[in-house]
Amino acid sequence: MLVNGLVNISISTIEKRYDLRSSLTGLISSSYDISFCILCLFVSFHGQRGHKPRWMTFSAFMLGLGSLVFSFPHYISDVYSYDSKKRDICSISGSHDNNDECSNSKSSLSLGYLFIFILGQLIMGAGGTAMYTLGTAFIDESVPSEKSSLYLGIANGMAVLGPAVGYIVGGQFLRIYIDINKSAEIDLTQDDPRWLGGWWIPFLLFWPVAWLLTVPFLGFPKYLPGTAVIQKQKVSQAHQDGSEILVKEKNLGKNFKDFPLALKLLLKNKVFMCLTGASCFDGLLITSLATFIPKYIENQYGRTSNEAALLGGLVLIPGAVVGQIAGGLLCSKLKLKCRSMIKMAVIMSTVSLLLCRPGNKGDTHSAADLLPTTATAVSCLSDPWLQSAPPDSDLGIP
């Protein structure tokens, strides 16, 4: 909900508010994944034999802290003034009105806000690491093999449903003016391109909610009742390359000095590396789509920020949630082993690829095909500031 939901729908507003380019807001979005990638190996190695619920307590605390830090730029920045400058308008070359803001849009102040956003994402990445690695392991070791697919499918489905809630809830907060105490004084509507919504409000609300989750996590024992019996009944389906024997002989995992050897054994596991590569390509597609689809809908089809958030959630989430839960249920009911699960994943991926039919060469589609009123809704030359401009003013309009 926080990272893949609230952050993604806030990107467009943050970009406008702090004069950041899309490449920089993309860096903000990827900072969570950078932190996750750096820490996941060390956290999973050190926490595999530790108290996993306590690690998840730390995770909830860090997610709340990161959410609070991410909202800081709103508190330390000036009140948003939509009339302070001509936004997104530059003088043409050779004109007398040289707009220095167009040639140097990156101010040191904006970069300072950028670093705070990145810091918040890094902190949230540190928190999400334990939640997704050790949390998954805690579920898997606590349930029988034939039911683990169902439980993990439900968990992953909820992880996908969370961003949907973030898209919907965050979209509603974007209907509130960015400076709440000034909302009665402004003369703007949500359809005005200068309108900026309250992107920071859900981050401030998520902070105490995340910290409240630390209380139930602290109540979990290291192992759930019956875990020892379940572990004895499980049969290993790991790729047999001799690594399991080496792990048992050297009792790997107790000391951090065993980390290089454990990493080497993982890198030599061909099945694991293939699955990891497949997950990387899947994340490359899904993460980029989830990050920029609200902004794309907003800019391409002239929708407001909250409408773009809602439409983006409707596009991405339902299929993902149903797919995760249905896949886990299918694997559980059919009692599929690892080899059969991989085959099913290959078949589903192939079917998905075949359904992605590109447009024909002669096909021409525009925004008007989806939104019939788009062209008529744009009336740049009727804006008051254009009507009030002197006849000889050079605004860069042919």
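The backbone N, Cα and C atoms fix where each Cβ goes, glycine too.
Here TrEMBL flags 1-398 as domain 'Major facilitator superfamily (MFS) profile'.
Per TrEMBL, transmembrane segment is recorded for 24-43 (among others). Within its own chain, the transmembrane segment (24-43) has Cβ neighbours under 8 Å at 3, 7-8, 11, 14-15, 55, 114, 117-118, 121-126, 128-130, 132-134, 259, 263, 283, 287, 291-292, counting only residues six or more beyond its boundaries.
Distant neighbours of the transmembrane segment (55-76): 2, 7, 18, 43, 47, 113, 116-117, 119-131, 134-135, 138, 178, 199-200, 203-204, 206-211, 213-214, 217-218; these residues of the same chain sit at least 6 beyond its ends, with a Cβ under 8 Å from one of its Cβ atoms. According to TrEMBL, the transmembrane segment annotation covers 55-76 (among others).
Sequence-remote contacts of a segment are chain residues at least 6 beyond its ends whose Cβ falls under 8 Å from one of its Cβ atoms, and for the transmembrane segment (113-138) they are 2-3, 7, 14, 18, 20, 24, 27-29, 31-36, 39-40, 43-44, 47-48, 52-53, 55-56, 58-73, 77, 152, 155, 159. Positions annotated as transmembrane segment by TrEMBL: 113-138 (among others).
Distant neighbours of the transmembrane segment (150-178): 1-2, 4-6, 8-10, 13, 17, 74, 80, 132, 135-136, 139-140, 143, 186, 188, 190, 195-202, 290, 294, 304-310, 312-313, 316-318, 320-322, 324-329, 331-332; these residues of the same chain sit at least 6 beyond its ends, with a Cβ under 8 Å from one of its Cβ atoms. For 150-178 (among others), the entry in TrEMBL reads transmembrane segment.
What TrEMBL records for 198-220 (among others) is transmembrane segment. Below 8 angstroms of C-beta separation, residues 1-2, 6, 9-10, 13-14, 17, 53-54, 56-57, 60-61, 63-65, 67-68, 70-71, 73-74, 166, 169-170, 173-174, 176-178, 180 of the same chain, each at least six residues beyond the ends of the transmembrane segment (198-220), sit close to that stretch.
Note on the transmembrane segment (271-297): residues 4, 8-9, 11-12, 15, 22, 26, 29-30, 33, 163, 167, 239, 303, 305, 307-309, 311-312, 315-316, 342, 345 of its chain, located 6 or more positions outside it, place their CB under 8 angstroms from a CB of the stretch. Taken from TrEMBL, the feature transmembrane segment applies to 271-297 (among others).
Feature annotation from TrEMBL assigns transmembrane segment to 309-331 (among others).
Here the domain 'Major facilitator superfamily (MFS) profile' (1-398) returns a mean pLDDT of 76 for the predicted model.
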